[in-house]
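Read through the structure below, which is laid out as structure tokens, and then see the notes.
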Amino acid sequence: MAILAWLEPRPLLAVLVLVLTMRMAQPAHLLTLLSSGQGALDRVALGGLLNTLAARVHCTSGPCGKCLSVDDLLALGRPEEPGHLARLSAAAALYLSDPEGTCEDIRAGRWASRADHLLALLEGPKALAPGLSRLLQRIQAQTTGQPSAGEACVDPPQLLREAGVAGAPGSPGPVLATLLEHVGRGSCFHTLPTPQYFVDFVFQQSHGNTPNISVAELAALMQRLGVGGVTETHSDHHHQEKRVNRQGPTPLTAPNSSSDTWDTVCLSARDVMAVYGLSEQTGVTPEAWAQLSPALLQQQLSGACSPQPSHPAQNQLSQAEKYLYGSLATLLICLCSTFGLLLLTCAACSTAAHYVIQTFLGMAVGALTGDALLHLTPKVLGLHQHGGDSEHRADSHGPQTTWRLVVALSGLYVFFLFEKLCDLLLPQDPEDRKGTPRSHSGHSHGMSLQLAPRELRPPKQPHEGSRADLVAEESPELLSPEPRRKSPELRLLPYMITLGDGLHNFADGLAVGAAFASSWKTGLATSLAVFCHEVPHELGDFAALLHAGLPVSRALLLNLASGLTAFAGLYVALALGVGEESESWTLAVAIGLFLYVALCDMLPAMLNVRDPRPWLLFLLHNVGLLGGWAVLLLLSLYEDSIAL
């Protein structure tokens, strides 16, 4: 007692040394002292602590105790400072877990800061348990010695319980002090859970009234694990063989059963219980759980119940390719349409332009209806899948669906021939023989596409003399050599045409974008259909602008401005139509657009047009119509054999 009174009082380490050297029977004594802040510390006790710590650790580079001195322990802080005892426990734990690294920290003067950092890492209930487990693993790897006879190994839950009993639950300082007590007693550490822990944890997840896991609880547990198929009810269990992509387990005694056969079979909760012969009424007992756990692990490791990765379709384009090919197709459509406008600027080519328009009319009807029925309709209805597996292709309808749709188109063609032949063979009114289109009201594409060859010429300028222009029928006074003021309706007509054509081109761009978002083959078919009907549309609109009295340059400018809206529709469709479901809906809208344009716009223009050579016109209409259908039919039948 005289020695203790002679030395400077320090609270913790003296008691710690006494605990470590005298092997006190109650390890909670140090924790109690740490919590109350009582006790004294002297250099003799510190020296004993150093010897004990050095004896428990093992250093590969030599004796570990040479770097640690009493002055280093005293430098951690004074006993009356807040948190000093917790820092001292953390510093000792650092030395036990990494003696060589701690020696470097001591020489660099950062031992205290490292101890504070460890306390900060362990602060909090969610950080203390895993951090303590990792710390114990490092201490176990560095410490030496055997536990006392009859003493059980200490694990993190025990350290946390002892710290909680002392009235300091969740605080890292008392937990580390408890750890030092067991280190001083030579206790061993169990850093991993026991096998029973896993069973207890799983059974704690069930909230039933029985100690066993029911079928429903097992199914919910397997769903959380991401394994297991759909559990059938007793009423539909006998229909198991009719389920798509579903296989049931065969008995374990099945002859010639290969383990590879089961690697991709997804089992339900009822299947797993049946494999191990477990009763659904009894449920899964803790003993049975140990039996069926390998089945759950196999299901997880094999990925049998994981969603199958969607393999990219063979004809699927990347996002950059969609924008590139879509832009090129739209640009080509606009340029070809603009090139066709040159025919209208040439007075000598007016007759040729007329027959070119009529040929494209027939081709537009064939391409639009062919693309809508032969290509887009099976795709929207899921009857024509590309890039699927062989099993799916065997179950698909194949060419049979395409040929049935061809029969539908043949019905359309038969009635077209009937009406056209009746028109050609039956007597006509004298007015109809003049080669002028039938009566119509207002502006429409049909009106602009029915202009006679003599009307496909731009009007003469005033200095070129008077000549019947495109509005001669509606405004006879314009035949006068004196320029007259246009009516308000005639002045608004070019802008109405441009606005309507811009909206139409925007819809065409949406259709092209949705098609290229699906595949390049669908984009090719849709682009062909759009091109075939866009050329006569643009020619007709250009003729209608000339009909309204606009000069060629201004009419060409308005026509190009309306064509730019197709790019806006293309980019909107590519930016928004990213999902397979939205793609199907967009293509369904494109089907309606194509059928409306073909049957309500183009086909009436073909039926109502009048020409001095009706049989030549009839031949050109049939060539265009059958040619458009033939191209789309070949593309629909053999597109899977085409490689980009």
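The backbone N, Cα and C atoms fix where each Cβ goes, and this holds for glycine too.
Per Swiss-Prot, the residue from Cys305, Cys334 that shares a disulphide bond with Cys266 is Cys305. In Swiss-Prot, the cysteine linked to Cys67 by a disulfide bond, out of Cys59, Cys103, Cys153, is Cys103. The disulfide bond recorded by Swiss-Prot for Cys188 reaches one of Cys64, Cys153; that cysteine is Cys153.
Averaged across the topological domain 'Extracellular' (377-404), pLDDT for the predicted model comes to 60. Counting only the Cα atoms, the space from Cys103 (disulfide bond) to Cys305 (disulfide bond) is about 52 angstrom.
Each residue contributes its Cα atom, and for Cys266 (disulfide bond) and Cys188 (disulfide bond) those atoms are 44 Å apart. A simple way to gauge crowding: the CB of Cys305 (disulfide bond) has 19 other CB atoms within 10 angstroms, across all the protein chains here.
For the topological domain 'Cytoplasmic' (551-555), the DSSP counts in helix, strand and coil order read 4 helix, 0 strand, 1 coil. Here the disulfide-bonded residues are Cys153, Cys188, and the one ringed by the most other CB atoms within 10 angstroms is Cys188.
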